[in-house]
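Trainee: Here you go, one structure.
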Amino acid sequence: MSNPLLTTQTTFDSKCLKKYEEAGDKRMESAGMESARAEASVKNEPILLQALDGRVPNRTPIWMMRQAGRYLPEYRAVREKAGDFLTLCYTPDLAVEVTLQPIRRFGFDAAILFSDILVVPHALGCPLTFEAGEGPRLVPVTTSAELAALREELDPDKIDRVLEAVSRIRAELPKETALLGFCGAPWTVATYMIAGRGTPDQAPARLASLRDPAFFTALIDRLVETSARYLVGQLKAGADAVQIFDSWAGVLDPTSFRRWSIEPIRRIVSLVRAEVPGARIIAFPKGATLPGLTAMVQATGVNAVGLDWTADRPATRYALGAKCALQGNLDPLTLIAGGRALDASIDAILADFRGASHVFNLGHGIRPETPIVHVEQMIARIRGV
């Protein structure tokens with residue numbers, strides 16, 4: 001039997017999408033699309049959560065990865081005040097402020113906690129710095145002895161400050177705005193811990209998984225357990241849903257993707273829902289193929305998957321639209337370009353996901369050079385203003 005992850009991704013044409021739309025979303029068959037929209041609209045809950053629950057809100061919810069960031073002058077002012085990035089992450093007053101900034105300015109349908117995926121290794125005792133213009137730097141962890149020297153549990157002094165920020169953000173957000181927490185997926189976090197920095201193809205982590213599988217498995221296990229507890233803490237502090245960022249999933253071959261991306265995320269989802277039944281969870285395995293995304297959804301039971309800008313939207317909707325919500329997938333460069341190209345891309349995304357449980361987002365984080373006016377253009381286009 002062939003491995004489904006090795007199957008070549010099929011490009012679906014407009015006829016295939018039309019066939020899917022005519023068949024209808026299976027989750028809406030019993031009530032019909034209009035009654036489903038009506039039901040969703042009367043619920044007194046954020047529309048993003050309606051989408052994550054498999055319903056079709058009366059308008060498309062919007063948020064952006066890295067929506068609190070350097071493209072905003074108000075963020076840059078707070079960042080300068082903080083002095084360094086980790087102070088910004090661990091000071092509740094500052095983390096609350098920068099999380100709320102894009103909500104005040106744009107009225108997004110979700111806020112996402114301002115933090116970093118490397119808070120977890122830092123809270124395990126791995127030294128971490130952020131160099132200007134160069135990104136994060138960690139002391140590499142490459143042996144079982146170095147892993148054993150780290151903490152078994154997350155440092156409560158660090159994590160409690162993050163959770164305080166979550167609680168305060170939820171208290172200050174409008175009730176119609178969802179709050180998202182997050183963590184990095186074990187594979188992606190491990191790539192940084194082993195190399196000490198980001199690398200183009202994550203060769204150090206890939207080699208470690210081959211040369212010393214016992215060490216690598218133990219590292220992944222540590223990250224699964226601590227990441228799950230971290231997400232549980234965020235949900236209990238007030239997060240409405242959480243996202244697991246597997247930013248480097250796309251460098252894995254199909255077998256490794258199943259072992260190092262899908263399986264750890266499946267375990268995290270299981271552990272989180274054992275503590276918080278019904279927890280809403282989004283997975284974002286950037287660069288995953290359609291067979292990989294399909295296997296991810298089937299194995300993990302996540303509420304939604306994030307799509308990068310390379311995803312074939314009609315094919316993805318055909319395969320997954322009846323199984324989970326779909327999030328994405330505007331190219332961040334198109335947002336920089338603006339103008340007619342931006343309008344055309346937005347229209348195409350909305351058309352491809354019309355009638356589905358869809359959350360509009362970028363295919364990756366917004367870039368610092370993005371003009372604010374283009375973000376305003378995007379929101380107005382989506383909302384029909």
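Glycine is no exception: its Cβ is also placed from the backbone N, Cα and C atoms.
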Trainee: Considering the substrate binding residues Arg66, Gln67, Ala68, Gly69, Arg70, Asp116, Tyr192, Ser247 given in TrEMBL, which of His358, His364 is annotated for that site as well?
Mentor: His364
Trainee: Validating a neighbour-count step here. Other CB atoms within 10 A of the CB of Tyr192 (substrate binding site): how many?
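Mentor: A 10 Å sphere around the Cβ of Tyr192 (substrate binding site) contains 28 other Cβ atoms.
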Trainee: Restricting to the record's substrate-binding residues (Arg66, Gln67, Ala68, Gly69, Arg70, Asp116, Tyr192, Ser247, His364), give me the longest CA-CA distance in Å as a whole number.
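Mentor: With Arg66, Gln67, Ala68, Gly69, Arg70, Asp116, Tyr192, Ser247, His364 as the binding residues for substrate, the largest Cα distance is 23 Å.
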Trainee: Tell me the Cβ neighbour count for Asp116 (site 'Transition state stabilizer'), meaning other Cβ atoms within 10 Å of its Cβ, over all protein chains shown.
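Mentor: Cβ-Cβ neighbours of Asp116 (site 'Transition state stabilizer') within 10 Å number 17.
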Trainee: Nearest to Asp116 (site 'Transition state stabilizer') by Cα distance: which of the binding-site residues Arg66, Arg70, Tyr192 is it?
Mentor: Arg66
Trainee: With DSSP, how much of the domain 'Uroporphyrinogen decarboxylase (URO-D)' (61-70) is helix, how much strand and how much coil, in residues?
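Mentor: Secondary-structure breakdown of the domain 'Uroporphyrinogen decarboxylase (URO-D)' (61-70): 0 helix, 1 strand, 9 coil.
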Trainee: Out of Arg66, His364, which of the binding-site residues has the smallest number of neighbouring Cβ atoms within 10 Å?
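Mentor: Taking Arg66, His364 as the binding-site residues, the minimal 10 Å Cβ count falls on Arg66.
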Trainee: Determine the most Cβ-crowded residue among the binding-site residues Ala68, Arg70, using a 10 Å radius around each Cβ and all protein chains in the structure.
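Mentor: The residue with the densest Cβ neighbourhood is Ala68.
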